[in-house]
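**Student:** Below you will find the structure I want to go over with you.
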């Protein structure tokens, strides 16, 4: 059996009891190491689980999947994923490969940022399509995530923005020379994401477009959700551009229409006492920014 086991969002103890029991019985245990991270490292996980873990980077999962599946038809193999196993499409690909190879699989679910984001007080059923915000470079500055935020805003829906992670990335020079030299890990912060969005807003304003958001749109920054030191900050997009929420991982929400109860919850984590003062009421049960 091939087991896909979610690890949750915090530390080694966030694995479920069922998941831990399976980890202890497997012949090999892989730790997926590129779509997300926990607040603790591989050594802490090995100590708590009582098992050696094999790091599975992007190259292994996407190009050497047969190595992970090897022997899973006659023994138990575990594939550990931070959050929930189906938070990334890569893992659906691994399921399909297992099925095509005649290998049975089972999923042990856990908390994911996709549902834990409700900790900020916004109601999960008011979220639209989730978007990813990537690091810009000098020559690549995509704005497609803004267009999806606009679609959500037009429907009054909130947008969860998952922020870029660069792990085991190569520079263009090393890539072209075929050198296996990797850049230090980088994790996008809420302030960096907000700055990129502000630049897009300015670009669209100069083009004369109808704006989906502005500098005063209420957003929510989240850091290390599920950890003991998690941070939530609600404020305008401009305010979040100057907020320091500490270490990774960060996520951001661009709000849509807000129910009064959601507004009350956001006030608990407001960046400043007046952060939400410019909200407008469109009817007796709806606020907007």
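Using the three backbone atoms N, Cα and C, a Cβ is placed for every residue, glycine included.
All annotation found in TrEMBL is predicted automatically rather than curated by experts.
Note that the coordinates shown come from a computational prediction; the quantities given were computed from them, not determined experimentally.
Pulled the feature table from TrEMBL, pasting it below:
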BINDING   9, 84, 87, 112, 113, 163, 225, 250  S-adenosyl-L-methionine binding site
DOMAIN    1-240  domain 'Tetrapyrrole methylase'
**Student:** What is the biggest Cα to Cα gap, in Å, among 9, 84, 87, 112, 113, 163, 225, 250, the residues listed as binding S-adenosyl-L-methionine?
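**Tutor:** 17 Å is the greatest Cα spacing among the residues binding S-adenosyl-L-methionine.
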**Student:** Tell me the Cβ neighbour count for residue 84 (S-adenosyl-L-methionine binding site), meaning other Cβ atoms within 10 Å of its Cβ, over all protein chains shown.
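**Tutor:** So the number of other Cβ atoms within 10 Å of residue 84 (S-adenosyl-L-methionine binding site) is 24.
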**Student:** What is the average pLDDT across the domain 'Tetrapyrrole methylase' (1-240)?
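**Tutor:** Reported value for the domain 'Tetrapyrrole methylase' (1-240) is a mean pLDDT of 91.
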**Student:** Are there any residues at least 6 positions away along the chain from residue 112 (S-adenosyl-L-methionine binding site) with a Cβ closer than 8 Å to its Cβ? List them or say none.
**Tutor:** 6, 9, 83, 84, 87
**Student:** Given a separation of at least six residues and a C-beta threshold under 8 Å, show me what packs close to residue 225 (S-adenosyl-L-methionine binding site) in the same chain.
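**Tutor:** In sequence order, the residues whose Cβ lies under 8 Å from that of residue 225 (S-adenosyl-L-methionine binding site) (at least 6 apart) are 9, 113, 116, 117, 119, 249, 251.
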**Student:** Determine the Cβ neighbour count for residue 250 (S-adenosyl-L-methionine binding site): the number of other Cβ atoms within 10 Å of its Cβ.
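**Tutor:** Within a 10 Å radius of the Cβ of residue 250 (S-adenosyl-L-methionine binding site) lie 25 other Cβ atoms.
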